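To start, the structure itself, in structure tokens.
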Amino acid sequence: MMLAYLTKYKELMYFLVHKELRIRYRNSLFGFFWTLLEPLGLMVIYTLVFGYLVNLNKGLPEGAYPLYVLSGLIPWTFFNNSVRKGTKALSSNASLIKKVYFPREIFPLTMLISNLVNFIPAFGLIMVMAVVTQQSIQWDQLALLPGIILIQSGFTLGIALLVSVLNVYYRDVEFIVNLLMRAWMYLCPIIYPVKMLFSTDADPIVQQFADLYFLNPMAVIISLYHGIFFPGQGVPAHPTIPGFWVIYTVLVTVILFLGAWYLFRKMNRRVGEVI
Amino acid sequence: MEAIVVENLTKHFRKAYDKTLKGFFISLAKGEKRYKEFTALQDVSFKVKQGESYAIIGKNGAGKSTLFKVLSGIIYPDSGRVEMNGKVAPLIELSAGLSRDLTGAENIRLNCAIFGLSKKRIDEVFDKIVAFSELEEFIHTPVKFYSSGMKARLGFSIAIHIDADIILIDEVLAVGDKDFKKKCYAKMEELRQSGKTLVVVSHSLKPLRKICDRALILDKGKVLDIGEINEMIDKYQEDKKPKKKKKGA
Ligand SMILES: Nc1ncnc2c1ncn2[C@@H]1O[C@H](COP(=O)(O)OP(=O)(O)OP(=O)(O)O)[C@@H](O)[C@H]1O
Ligand SMILES: [Mg+2]
């Protein structure tokens, strides 16, 4: 069902993605590098604050903290931007939605695609950083990158579909989403090494909840990216089932996506009149 | 062959009190009904033949734009059946499907893409659309700086060039200047000759007599009558004079 209109509306999606990217890059190569400045700037800030002041770099190789931050931050930014922009994807196109009909899934979908297009060169930046800071790259993990991106995209699109249509009905969804995304970021291993939670000198309360940590699919996904550069910081093995957390995340993604698709379809029926 | 078949169409609108989650929880806590219903279309049935020119007339708030939105799939009916045989180009209310922040040129491409035109076809019709709208000078200006007449020109020009079989025109001609109106009427006549189906909503009844074959009178969401255009317009104008019904608050 999805592929059928993907081909029918490919011109429309191309137009919308192109428009998104052009706004971001302002038609220039400099504009493109400008977008890479944001994660680099955040990396410097986090390294100064959390790497040196708070010493969150325990268990990481010497001088690897900036790479650790960057390799979590860039996938997170992909998720964060897609969801935040996805929230407004329908409501900001009200003038169009009120006057013509076409599949409205296209709006959250183009948000995802344009952020994906941004993500790929940004991932190149992580690779450059790994070379610059002379960290080893786990090539077998890197080979799984397309799969990791696919899982992340599916999960992201599921959430974006849900929040985009909810935001049409209830405008304060946007604020709640912004708040929740901030909290969610701290529930992912971005500024702290994930192994810190499982070490014996962690706070007893943290140790107690550490087993639940990977119930958060984004924690698993970010750890999959970390696994490419830091073999010790990847997704932990499960005592009995190999690849348990990855299988879990794929399942959650599939269920979330189908549920979101169904709800989107259902709520879409009144979008044309309430928007 | 019928181009449009509508059977027993009914549409209720919910008048939402508050479009926020806060409002949702407040009314949930108070245990009140969150919306009251309003019947915008009630048991509407009609058919439009292929190649026919059809008018829908009625007072403000009669449900004409709502009917067009249901016909073009923008809103879903609560019950009844809608059958559209062919590709529909809706021109609903003044701004049509124009995106405010995009330029005229971008809006042309966007709309053509929405209606499924290929890149090649878009390039073919692009110049024709610009030429018909006579907006060459402003084509790279964002649409938010257009006057209402300019928007109507752009909307109309796009709608007639996207290879649609059924064209729904809602009050778009009201703001065009005299020359453009004339051009539009000529174009509509031409489209009709070439076998396209036109459905027109307008409050200026005089031109309808020339363009349209049949008409439907809509009154507070109900079909009052369907028939030959001149008869219907006479009837509508007669109805309007003697009894002035008060609208409920
Ligand atoms: N999205 C909506 N939500 C709630 N009520 C609506 C909505 N759209 C229209 N209505 C109501 O439905 C009724 C019919 O509106 P509609 O726009 O179809 O009238 P119309 O016949 O096009 O009038 P006009 O001649 O002024 O264009 C109005 O009372 C209007 O308030
Ligand atoms: Mg109207």
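Here the Cβ of each residue, glycine as well, is placed from N, Cα and C on the backbone.
Outside the transmembrane segment (A:29-54), and at least 6 residues removed from its termini, the chain residues within Cβ reach (under 8 Å) are 65-66, 69-70, 73-74, 77, 118, 121-122, 125, 191-192. TrEMBL lists A:29-54 (among others) with the feature transmembrane segment.
The annotation domain 'ABC transmembrane type-2' is assigned in TrEMBL to A:30-267.
Note on the transmembrane segment (A:106-132): residues 9, 12-13, 16-17, 20-21, 24, 32, 35-36, 39-40, 66-67, 70-71, 74-75, 77-78, 81-82, 85-86, 89-90, 93, 145, 149, 153, 156-157, 160-161, 164, 229 of its chain, located 6 or more positions outside it, place their CB under 8 angstroms from a CB of the stretch. Residues or ranges marked as transmembrane segment in TrEMBL: A:106-132 (among others).
Remote same-chain residues near the transmembrane segment (A:144-169) are listed as 75, 78-79, 82-83, 86-91, 105, 107-109, 111-112, 116, 119, 123, 177, 217-218, 221, 224-225, 228, 249-250, 252-254, 256-257, 259-261, 263-264, 267-268, 270-271, 274-275 (criterion: CB distance under 8 Å, separation of at least six residues from the stretch ends). As annotated by TrEMBL, transmembrane segment applies to A:144-169 (among others).
According to TrEMBL, the feature transmembrane segment maps to A:213-232 (among others).
Annotation comment: TrEMBL describes A:244-264 (among others) as transmembrane segment.
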